[in-house]
Amino acid sequence: MNKKTLIEWDKKYIWHPFTQMNQWLTEEPVIFTEGRDCFLKDIDGKWYLDGVSSLWVNIHGHRRAEIDEAVKAQIDKLAHSTLLGACNEPSIVLAQNLAEMLIERLPWGEPLTKIFYSDNGSTAVEIALKIAYQYWVNQGIKEKDTFVSLKEGYHGDTIGAVSVGGIKLFHEIYKPLLSKSIQAPAPYCYRCELKLNFPSCGLACLGEMEKIIRQNHERIVAVIVEPIVQCAGGIIVWPQGYLKGLRKLCNKYEILLIADEVATGFGRTGRMFACEHEEVTPDIICLSKGITNGYMPLAVTAVNEKIFNAFLGEIEERKTFYHGHSYTGNPLACAAAIASLEIFKKDRTLENLPPKIELLKNKLSEIAELSHVGDVRQKGMIAGIELVMDKKTKEPFAWKEQTGWKVVRLARKYGVWLRPLGDVIVIMPPLVISEENLARLLEVIKDCIIRISSD
Ligand SMILES: *Cc1c(COP(=O)(O)O)cnc(C)c1O
């Protein structure tokens, strides 16, 4: 189909996510037609380096032969069957592979052995919240009806996930619809609510968290966080010790800890799971984005045996978890995920990261010197560059200037594909990226920041 018609139809029929459609209609959209390695090709034949892993999902590159083959082979057998009252082979094998990996990687508490499937990060979170709530109810504890989450937190766009969301711009408007939650300050040291710097901000924020938990623990179901890096909130990287301290608090007050590793999971932070950095085992973990290397929608909520066992009983006891989706355990998605996990071993994906992480760190420290760069933050292969109007006072650019957008739009000209979070330039390339391409990505970003923001 020709480009002109596609654009016409797109503008006529598609409502794009997180997009002011008024603005969209005035611009020429990019139509991607092909991917290879860390690159995407548009309909005009122009190639772009994929600097944000196609919204944080790609790990091993586009069009990986092993995953292509696995999905094709599965298509020739079975595309879908239900997990409601039945099984299929890929979902069983993947559950075993994931459980084994979770047990091995997160050995510091009750191992996460039970896998509940769904098909996106938001539903993985909904499931975690519902399981956590019912865990207590099934034990006769009904006064627990409140979640604790963090400001600047992001857990997805469905109503339950929005209830524990902390990004004003996205979440505030829905307040009347939401369930009960209390928000603790985020350990966002660059703009610390408690006016403290790195790393004392971390301890102080943990102190605030403790206050909230101490005063409310009897009605708190669980604390839900994005461990180590709050991604959508602006790549907020926690000071060391916060996560470990949070785990201790949850233990002390007997509250469940839900780790939303939808973005941080599958190697992004340099370890398979972010929780590994502080030797923390959560009670529930949510995984999605990277799980299929971006091939198919799939998500997992994994829980420990203690939680699972609280749902066992006679049918009339009503302890069953009455939840499931049409595409739960979809065989094609599970086949893609199994193949993606195998690539981690074959490519030695995690073992190959340290020099790339070092390169990213060095390039970021150059960028940090620029006159409109307020802060650079990094954990493993995730990084954020916060642009500000005034480096000394940290005063942001006027919101409607869309400075972050201007930078990424200019980067397109140089063949780099990015998507910012406000004025934070996000860097989250596929882990397979070569050092050469990573260096180029950072060079282009640096150049574009200079061109857009220099006065
Ligand atoms: C993206 C994201 C989600 C939501 O996942 P979707 O698949 O977009 O619904 C939830 N939590 C975190 C931490 C995320 O980054």
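Backbone N, Cα and C define each Cβ position, glycine as well.
A TrEMBL annotation is a machine prediction, not a hand-curated record.
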Using only what TrEMBL says about pyridoxal 5'-phosphate binding by Gly121, Ser122, His325, Ser326, identify which of Asp68, Asp260, Asp375, Asp390 is listed for that site too.
Asp260
I'd like to know which of the binding-site residues Gly121, Asp260, His325, Ser326 sit within 10 A of Lys289 (substrate binding site) at the Cα level.
Gly121
I'd like to know which of the binding-site residues listed (Gly121, Ser122, Gly324, Arg419) lie near ligand 1, counting only a CB under 6 Å away.
Gly121, Ser122
Whole-Å Cα distance, Gly121 (pyridoxal 5'-phosphate binding site) to Arg419 (substrate binding site), is 19
For the C-alpha pair, I'd like the distance in angstrom between Arg419 (substrate binding site) and Ser326 (pyridoxal 5'-phosphate binding site), rounded off.
31
Cα-Cα distance linking Asp260 (pyridoxal 5'-phosphate binding site) and Gly324 (substrate binding site), given in Å to the nearest integer:
19
Drop a 10 Å sphere on every Cβ of the binding-site residues Ser122, Ser326 and tell me which sphere holds the fewest other Cβ atoms.
Ser326
Distance check, please: Cα of Ser326 (pyridoxal 5'-phosphate binding site) against Cα of Tyr154 (substrate binding site), rounded to an integer number of angstrom.
25
